[in-house]
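Down below is the structure, laid out as C-alpha cells.
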Amino acid sequence: MLKKEYLKNPYLVLFAMIVLAYVFSVFCRFYWVWWASEFNEYFFNNQLMIISNDGYAFAEGARDMIAGFHQPNDLSYYGSSLSTLTYWLYKITPFSFESIILYMSTFLSSLVVIPIILLANEYKRPLMGFVAALLASVANSYYNRTMSGYYDTDMLVIVLPMFILFFMVRMILKKDFFSLIALPLFIGIYLWWYPSSYTLNVALIGLFLIYTLIFHRKEKIFYIAVILSSLTLSNIAWFYQSAIIVILFALFALEQKRLNFMIIGILGSATLIFLILSGGVDPILYQLKFYIFRSDESANLTQGFMYFNVNQTIQEVENVDFSEFMRRISGSEIVFLFSLFGFVWLLRKHKSMIMALPILVLGFLALKGGLRFTIYSVPVMALGFGFLLSEFKAILVKKYSQLTSNVCIVFATILTLAPVFIHIYNYKAPTVFSQNEASLLNQLKNIANREDYVVTWWDYGYPVRYYSDVKTLVDGGKHLGKDNFFPSFSLSKDEQAAANMARLSVEYTEKSFYAPQNDILKSDILQAMMKDYNQSNVDLFLASLSKPDFKIDTPKTRDIYLYMPARMSLIFSTVASFSFINLDTGVLDKPFTFSTAYPLDVKNGEIYLSNGVVLSDDFRSFKIGDNVVSVNSIVEINSIKQGEYKITPIDDKAQFYIFYLKDSAIPYAQFILMDKTMFNSAYVQMFFLGNYDKNLFDLVINSRDAKVFKLKI
C-alpha cells in the first residue's frame, strides 16, 4: 500500500526518473574508463590522462590558479570558467587534480537529463522527458564531446542552454517569479561559462521577445523577463549586473501594479541604451561588419601577407555528410527521422517549444559549419523522439493493457539506444599523449625555465605548456596562419633557417606583447622582422635565414627548445604547408611530398601502401597511378633514439626518398615517401636521422617518441 502511495506521488516519480537517467548517463561514460584502464600508456601520475587537446589549456589555468601565479604573456587560461571551477573542486574535495579533470565531464555533462525531464514535465509528459534524457545524454555527438576524459567546456555547453530553455517554457506556462529570476541567472552563468554563447543567448532572448509580442503582449512579466535577461549581455562586472537585476526584480515583485507599460517601455529603452554604451552589442556589430563589409576586410588583407588558412586543416569545421549528421544527433538515421517528425508534432501541440528553435538551428549549422555544432541539436531532437514515443504509448493504452504498452515502450527504447551502445563500445578514443610523451615533457620542466619557449606545432601547444610549464608560440587557441608560419618554418626548413627563425619568432613575439596597439608588431610579426632587417622582399629575407653568416641583431632574452614528436610525422605535410605557401598570392605553389603509409598487401612483386602508392619490392621505384617514379635512396631506420640508420643510394638524379621505419613509435607510419625538400628539413634530419649542427643545437631529451633540442644561438 505504501509503495502505491509513493508511485502516485508525481514529485517522487519525477525525482526517480532524474536519478535513473543521471546514473544511466554516468554509467555509460564509465565504459571508456574501464577500457582505457587496460593500457599503462594512458596513465600518468597514477591516473588516466585526458583525451581532449584543448582540455590541457584549462588544466594549465587551474594548475596556475592552485599555484597562485603565472608568467606574464604565457597564454595561460588563468581565471577562465572551467579552470576556476576545477580550482574550487580541487580545494573543497579530497580528490587528486588528475582525477578531477578526468571525471568532471562524466558527472557534469550528465546533468543535461535534469532540464530535459523538467521541461517535459511542464507539459505533463514525464515519459517524454525520461526517454529524451536517456537518448540525449549518450547520443553520439554529445557522448563524443562529454565522455570521461573529455575535459572541456562542452561538459556544460548544452546543459546550461537547456536550463535556459526550461525556464523560458516555464515562464510562458506559469508566469512565476521563480522563472523570472532564474532565467537571467542561467543566462549569466552560461555567458560566464562559455562566452561564445553570446549569439545563441541573443537569439533566445530575441525569439522570446517576438513570442511575447505575438502571444503575451499584454502581460508585463514577460517584458520584465526580456529586460532582466538582456542586462546579462552587458559588458560590465557581474556584481553590477547582479545588483541591477535584483533591484529591478524586487521593484517589479513589490510594485507590480504601479509599473505600467509606459514605465516598462522606458526601462526597455534604457536597457538598450545601456547595452550599447557598455559594449554589450559590440559582438553583434562585429558580426555585421564582418559580413556586410567583407570586401573591405579582404582588401585590407591583401595589403599584407596571405597566410595559409588553418580552417582547412581542422576536422571539426569540415562539412559533414547527411547520414553522419543524423547519426551524430540521434544515433541512427531512422531515429533521427522519427525525432524530427516528433519535434514538428510537439510544436503543433505546444507552441512554446518554438523557443527551442535557436538551439536546434545552431545544431543544424553542422551541415555547413562542421560536425562540432551537431551537439546542440541532440537534446531538442531527443525531446521530439520522446514526445513521439509518449504519443505512441497513449495510442497503445487505448487498445492494449498498461503492461503491454509499457513492454512495447521499453522495447522501443532499447532498440533506439542499441546503435548508441554500439557507438560507445567502438569509440575508444586514445589519450592526447602517451605516458612516455607526458614523462618526457615533465622531464623538460626540470630543464627549462617558465620564461623559456618551446617551438612546436600548435596541436601540442597546450599539453606542452601543461606538462613542461613553459611558453609556446602557438596552441589550440592561437593558430592563425600568421602564427603557425613560424613553427612551420622552423620544422620544415633546413637547420640553419630553423635556428634563426626560432630565435627571431620568439624574441619578436615577446616584443609584440609590449608594443603599441597600432604597431606593426601587433598585426604581423614577419613584416616587423623585415622592417628591422631592412628587407622588402619576403622571399629574399626568408632565404637569407639559411645562410650561416646571417646575423641576429635582436638580443637573446631566454632559452628556446624545439619539440619534435614522432606523431607529428602523420601531419607533417600539413605542418609544412603553412610555410611553403606563397605569401604574396596565398597559393601553395611550392609543391612538396611527405606521406606516411603502412603496407596493405603484397602481390606480384609489389607492395601496396595505404596512401595509394605501389612500391616495388626492391624499393627502387614506386607507382602512382600509371606513372613509375624512380627512388633516390632507401633509408632504413633501425633506431630513432640511437640515430642508427642505413642509406642505400639508388638514383642520385631522382627526387624521392623512401624511409622504412623498423623502429617506429607510430603504428601506422612504417613507410614515409618524401622529396628532397622534406628530406633536408630540420624535422627529418634532426628527429629521424639524429643529424644536427652542434653549433646550433643541443639534444637535451632523446627517445623514439620525441626529441627535444635546445637552441644555442
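Heads up, the Cβ atoms here are built off N, Cα and C, so glycines get one too.
Note on N144, N534: Swiss-Prot annotates N-linked glycosylation site at N534; no matching annotation appears for the rest, which is not proof of its absence. If you check Swiss-Prot, you'll see Q256 and R372 are listed on opposite sides of the membrane. Secondary structure at I571 (site 'Interacts with target acceptor peptide in protein substrate'), taken from DSSP and collapsed to helix, strand or coil, is coil. Among the recorded positions D54, R145, N534, I571, not one has a Cα within 10 Å of the Cα of R328 (site 'Interacts with target acceptor peptide in protein substrate').
Panel annotation: around the topological domain 'Cytoplasmic' (348-352), residues 123, 168-169, 172-173, 211, 215, 387 of the same chain, lying at least six beyond its termini, place a Cβ under 8 Å from a Cβ of the stretch.
Applying DSSP to the topological domain 'Periplasmic' (234-237) sorts its residues as follows: 0 helix, 0 strand, 4 coil. Close to D54 (site 'Interacts with target acceptor peptide in protein substrate') in the fold, though at least 6 residues off in sequence, lie D152, Y462, G476, G477, each with a CB less than 8 Å from its CB. According to its DSSP assignment, R328 (site 'Interacts with target acceptor peptide in protein substrate') is helical.
Confidence across the topological domain 'Periplasmic' (36-96), taken as the mean pLDDT and rounded to a whole number, stands at 96. Under DSSP, residues within the topological domain 'Cytoplasmic' (255-260) fall into helix, strand and coil as 0 helix, 0 strand, 6 coil.
Each residue contributes its Cα atom, and for I571 (site 'Interacts with target acceptor peptide in protein substrate') and N534 (N-linked glycosylation site) those atoms are 35 Å apart.
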